[in-house]
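Peer 1: Here it is, the structure, as structure tokens.
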Amino acid sequence: MAFLSVSFGVVVVFFLFSTLSIAFPGFSFNWGSDGNGRSVGSFHLTPEFYQYSCPQVNDIVMSVLEQVTAKDPRMAASLLRLHFHDCFVQGCDGSVLLDDSTTIISEKQSNPNRKSIRGFEVINEIKAKLEEVCPLTVSCADILALAARGSTVLSGGPYWELPLGRKDSKTASLNGSNRNIPPPNSTLQNLIQLFNRQGLDEIDLVTLSGSHTIGMARCVTFKQRLYNQNGNNQPDETLERTYYHGLTSVCPKSGGDNIISPLDLASPTKFDNTYFKLIILGKGLLNSDEVLLTGNVGNTMNLVRSYAEDEVLFFNRFAISMVKLGNISPLTGQNGEVRKNCRRVN
Ligand code: HEM
Ligand SMILES: *[C@@H]1O[C@H](CO)[C@@H](O)[C@H](O)[C@H]1NC(C)=O
Ligand SMILES: *[C@@H]1O[C@H](CO)[C@@H](O)[C@H](O)[C@H]1NC(C)=O
């Protein structure tokens, strides 16, 4: 079996794996779980997963990303977000990619995703290329994870060793998408709670929010801050004045919901630590960005300050938190499938 010759590390993993499957024949998702159905650790995902079955996988992903982002630099941001919206709903299982069908109620129409999430055609293009070279081998969930890393790197951000081997789900959860993905007007308490639910902590919250160093948001996602932050028809007082005036000129009180503004107005396509510097200046776009500094729970304020001062620290922590994000409840082994087309189950 090719598996055995991969490396000593993998052999050890294989041993553990086979021992456990003898101990629990027909083991499934709950194997090695924490009792909540969440798999503990991720030693069954490994960066070398496609080393023999599809060695070109990352090159193919990167060549599509290079072409696409050259034409549309925002696409890097959109793909990074797509992985996040996948992982927060049933784990990183490609569920976000499924279309409506007789058995599926798609997540694409959820509150956080409707008129907002983008990049599906890029994932489909990557998948089509991969099906030509290594058919039925690379999961859509892994393509999302690879595209998120590649997009970060192409935008000037950090690289990380990416554990692979996720399988794709046969289900989606519209309800999960509505309930698990934080809304932009969340309080800090609420953000921490929604991250904790995924096994992510306060550090992951602040660090991964740093993704908002690239990309855009629609007027409807920050309008409350401009016109009625606390039900008193007043703006959010933490907004810096000239920034606030600029925003009101592109985001009117009524209408204009889909007009977009940069999350990081200083460098919207460059992955850097400017996002944190802007928050300190009162120029963070979303309420969920601002409250990391002013929300007054835990240690998030100090993390924002540290990242604003030290980009290397931010990059290192970002790599770590992205691996944690990508390890949320993967389907592995016999669970799930490798979809032939990311938009539908086989
Ligand atoms: C902490 C809670 C978070 C909230 C409340 C939040 C909310 C939002 C909202 C409202 C938008 C704009 C969507 C639109 O107007 O169409 C957005 C964009 C974005 N989010 Fe988040 N987000 C959060 C965390 C994250 C995380 C963890 C990541 C990635 C790991 C991420 C990556 C992005 C990116 C890259 C964009 C820009 C997308 C584009 O331009 O297409 N966000 N987010
Ligand atoms: C909806 O999703 C939430 C959060 O994932 C879950 O607790 C709840 O049981 C779900 N409700 C239904 C009806 O599926
Ligand atoms: C967030 O916005 C929603 C929808 O507009 C609203 O129902 C909710 O009360 C808001 N939450 C907060 C904390 O302002």
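Heads up, the Cβ atoms here are built off N, Cα and C, so glycines get one too.
Automatic, uncurated: that is what TrEMBL annotation is.
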Peer 1: For the Ca(2+) 2 site, TrEMBL lists T213, D264; sort out which one of D257, D272 goes with them.
Peer 2: D272
Peer 1: Using only what TrEMBL says about Ca(2+) 1 binding by D86, V89, G91, D93, S95, identify which of E66, E107 is listed for that site too.
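Peer 2: As annotated by TrEMBL, D86, V89, G91, D93, S95 share the Ca(2+) 1 site with E107, chosen from E66, E107.
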Peer 1: Name the residue from C92, C134, C140 that TrEMBL records as disulfide-bonded to C54.
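Peer 2: The record-listed partner cysteine is C134.
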Peer 1: Pick from C87, C92, C140: which one does TrEMBL say forms the disulfide with C342?
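Peer 2: Disulfide pairing in TrEMBL: C342 with C140.
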Peer 1: Taking the Cβ of C251 (disulfide bond) as centre, how many other Cβ atoms lie within 10 Å?
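Peer 2: Other Cβ atoms within 10 Å of C251 (disulfide bond): 23.
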Peer 1: Please state whether DSSP places C134 (disulfide bond) in a helix, a strand or coil.
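Peer 2: For C134 (disulfide bond) - judged by DSSP and reduced to three states - the answer is coil.
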Peer 1: Which residue, out of the disulfide-bonded residues C54, C92, C140, C342, shows the minimum number of other Cβ atoms inside 10 Å of its Cβ in this structure?
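Peer 2: Comparing Cβ neighbour counts within 10 Å for the disulfide-bonded residues C54, C92, C140, C342 gives C54.
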Peer 1: Would you list, in sequence order, the residues of this chain other than D86, V89, G91, D93, S95, E107 that have their CB within 8 A of the centroid of the site's CB atoms, where the site is the one recorded for Ca(2+) 1?
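Peer 2: Going along the sequence, the neighbours appear as H85, C87, F88, Q90, C92, G94, V96, A141, S169, A172, S173, G176, S177.
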Peer 1: So which of the disulfide-bonded residues C54, C219, C251 sit close to ligand 1, that is, with a CB under 6 Å from an atom of it?
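Peer 2: Those disulfide-bonded residues that pass the cut-off are none, since no Cβ is under 6 Å from ligand 1.
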